[in-house]
Amino acid sequence: MTTITTPFGLALAPDSAPAPARTVVRPGVLPAPGPKDWVPACAVHTLVPGRGVAVLLPGGAQAALFLLPNGMIYAVDNIDPYAGAAVLSRGLTGDRAGEPTVASPLLKQVFSLRTGVALDDPKVSIPAHSVRVQDGVVHIGLRLAGTSAVR
Amino acid sequence: MYLPTQRTVVVVGHGMVGHRFVEALRSRDTDSTWKVVVLSEEAEAAYDRVGLSSYVGAWDRGSLALPGNTYAADDLVDLRLGTRADHVDRGARTVTTSAGEVVAYDALVLATGSYPFVPPVPGHDADGCFVYRTLDDLDGIRRAAETALARAAAEGREANGLVVGGGLLGLEAANALRLLGLTPHVVEFAPRLMPLQVDAGGGAVLERLITDLGVHVHTGAATQSIAREEDGRLAVGLSDGSALLTDLVVFSAGVRPADAVARSAGLDVGERGGVVTDITCRTSDENVWAVGEVAAVEGRCYGLVAPGYTMAEVVADRLLGGEATFPGADLSTKLKLLGVDVASFGDAMGATPGALEIVHTDATKGTYAKVVVSDDARTLLGGILVGDAAAYTTLKAYVGREVPGDPGALISPAGAELGADALPDDAVICSCNNVTKASICGAITEGACDLAALKGCTSAGTTCGGCLPTVKRLLVDSGVELSKALCEHFEQSRAELFEIVASTGIRTFSALVARYGTGTGCEICKPTVASILASTGSDHVLDGEQAALQDSNDHFLANIQRNGTYSVVPRMPGGEVTAEQLITIGEVARDFGLYVKVTGGQRIDLFGVRVEQLPAIWQRLVDVGMESGQAYGKSLRTVKSCVGSSWCRYGVQDSVGMAVDLEHRYRGLRSPHKLKLGVSGCARECAEARGKDVGVIATDKGWNLYVCGNGGQTPAHARLLASDLDDETLVRYIDRFLMFYVRTADRLQRTAPWLDSLEGGLDHLRAVVCDDVLGIADDLEAAMARHVAGYEDEWKAVLDDPVKLARFVSFVNAPEEADPTVAFDESGPRKVPVLLGMPSTRRPSHPQST
């Protein structure tokens, strides 16, 4: 049994309840090229398919991490650029013509989970993060050059 | 503002037409050249006299008041209620009022209307004899009916009421008596009912339909005497030698123009009464005008409100230097009397020389239809419809035009229905608002693609609604496909998905979308399906797959605010709260540093709760016997109430008790949109229940039930569904109403637009809820019973379930860490959130007064 320690010292036990057998959980997008600082977020099984969680990143930034019912995992920045509030992890997921999406719980703007682009307003986008699953734990990849800008 | 050049117009009479005149003049007189003095003999400001019968049951004068009828914000209008015009001095141009004042005028507008004609039979002025014209008349009839019912019950017989006159108003009066609990008799001198509108054949069908409704009809009979019997009842002697014993008599044998003031002032009057005017509505005195029922325009009086309105507009225009003339009026009528459709249009009686009549009668269905055509059988001249008036709008639009094909086919059930596309462009579809087919089709071309949009931009169908089926057909014929698809994932409407879920028993979104939709869903269809699943089952909203469907607020069971924190609103049914509970709320607010505000729904809102703090606050509420409440979600919000009979000296029922019961019954109910209820303990209506989806207003006999009132963006007053209900019937009707709405409304369609979209409108809704015409009442009640039985405190259920509780964390990898982006500014008069990238949105605080 592997125990993972998060940057904040919280111990996670990844294998207490396995993910549903038929669904293979995997990243929804290939990691962007370049070296990464992989931040462990949580055990895969703690995620509710179709919903998201907020992940605190080193340096105070935060990501919104989603598991979709088809097993794909995505991470985008948690801050809704329209509202200026860290809420996207609490939005509803879905798809638009197959593109995986999350809608802000505040004013319902819809963002692509793959690219972070606001689908009705392509000038606006939020950072999308690389993810990986290792030993039943989801990691969020941060570019080593620094964390995504929050403020 | 008073200008030296300002002139004064005195309006005598404040009925519907008098009020329309004042409104027309004031809205056009942008330079304030006229000052208006209105003398109203009635103590009540202008009200909807056409809708007088709707006063019965609700007994709510306010609901009949015409909008803006007191001119409260207009200091150029001086409305004097309870003030009659006694004398007009045309030489001096003054009016002497019943209060003894002398008012000078530059222009005088007579809008005195008419008075009921009472045949001069012996005993016509006995106690127990009434007319049917004003609210006070109806109050008198109501008192007499109640006395009669009590006396009849004591004597073990039924109470009767007799109406003299079988015209339109007489039948309305008969219905009023029926609603009051009396057995109505109608005596009509002519050989048939409604002799002005229908012919012998139509009258016969009408009489049978009315008799089936429990009204005793005596046609071809004159009333000859009225005498008081020893037992206190009235004996009414008829010309056929018979006598009827009755508890009260209502005269509605026609009206006469109220032209007494005009006569004494020496103005020209018509042979049969009415102040004679030219087509500009000017009387024989150039400074005096007459409008409405008192006016005899070129010798002809009009007893309908629409021509009266036109006259009011004409005079307003003339006073401002315009050139308007009265164009004559269409006297076609379509109405529903005691639920029976009657329509009469054009040359209904076939008076045109050589006119031919084609009649179709169906005795089994109780329908009569007649069209009158020209001698070559090509041009439609008029017609009569009894029992089924669906064809009215189309037929009326053809009056004076050549009919395509066989005119008999117009009314033959076997004949092809005349399509709206066959109508000529200038055919008037909505006669209330004078909207032609061309303007409706024009609006469709310009993009109005549903009924609501068409109503909005053309006004068609916004008055009586009789033309809506034709408008709808034009819309369909135009090729506009009304998409009812919920979103890109479901082609079905919400109501259809509801039926699918109810009939297939599918309980998961994934199964539903796999079988009936495409893709993985979105922020539109997921919460809709979640709501349907909640309405059809009693699982917790966060059970299993449902957790992923809930709109964010339903997922976190609280109301998200602009900085991502939540507000918590403890449930407070009827606005009732104990001192202990209030102290707990105060302690929670203090301990968590929350901003507190009292809501419009008689609750207390606690703002600024971080997601990980929610369970702790719910626990504090549970510990003192409270629960959190829905101030979010498409669900029951609150039941607002006034203090009611337990404390209020005016209250006649326990409104708080009823509100508490209703909130406990319907809490947690998921619906197409939010639901708000209100209960008032008397007719003063302090709970503003008529602004609610369900409004309950106490009467001295029980409760009046109003439905489909909305506040918000498009306010609508609730409409009376049923009167004087006992507690049990009230709750049963609300159960049925709410479930019917939950099942059939579109996503995000509130109750008022839902009612607008229901074919058959309020009458249909009443038939479904009160008369169970669809046979679904048991089903609706059973569904509500399941909801009530399955209710649990959703917030406590989270506290009791470690898996659900574990989701209420700030960060999955730092559950206790407060979100570093959440900040508040407490330097101003109230605590406010500070948003990212917007360091200060605060306006400078107002200087405090000392």
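Cβ atoms here come from the backbone N, Cα and C positions, even for glycine.
What you see is a predicted model, and the numbers here were worked out from it, not measured in a lab.
Among the features that TrEMBL reports, domain 'FAD/NAD(P)-binding' is placed at B:8-295. Here TrEMBL flags B:332-399 as domain 'NADH-rubredoxin oxidoreductase C-terminal'. Summarising the annotation, TrEMBL assigns domain 'BFD-like [2Fe-2S]-binding' to B:428-475. Taken from TrEMBL, the feature domain 'Nitrite/Sulfite reductase ferredoxin-like' covers B:561-622. Here TrEMBL flags B:633-769 as domain 'Nitrite/sulphite reductase 4Fe-4S'. What TrEMBL records for B:C642, B:C648, B:C682, B:C686 is [4Fe-4S] cluster binding site. Per TrEMBL, siroheme binding site is recorded for B:C686.
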Can you list, in sequence order, the residues of the same chain other than B:C642, B:C648, B:C682, B:C686 whose CB lies within 8 Å of the CB centroid of the [4Fe-4S] cluster site? B:V643, B:G644, B:Y650, B:G651, B:S655, B:S680, B:G681, B:R684, B:E685, B:A687
In three-state DSSP terms, the structure that B:C648 ([4Fe-4S] cluster binding site) belongs to: coil
DSSP tally for the domain 'Nitrite/sulphite reductase 4Fe-4S' (B:633-769), helix/strand/coil in that order, comes to 52 helix, 35 strand, 50 coil
To see if you understand the setup: which same-chain residues, six or more apart in sequence, place their Cβ under 8 Å from that of B:C682 ([4Fe-4S] cluster binding site)? B:C642, B:S645, B:C648, B:Y650, B:G651, B:V652, B:Q653, B:I697, B:A698
Counting every protein chain present, what is the number of Cβ atoms, excluding its own, within 10 Å of the Cβ of B:C686 ([4Fe-4S] cluster binding site)? 18
Which residue, out of the binding-site residues B:C642, B:C648, shows the minimum number of other Cβ atoms inside 10 Å of its Cβ in this structure? B:C648
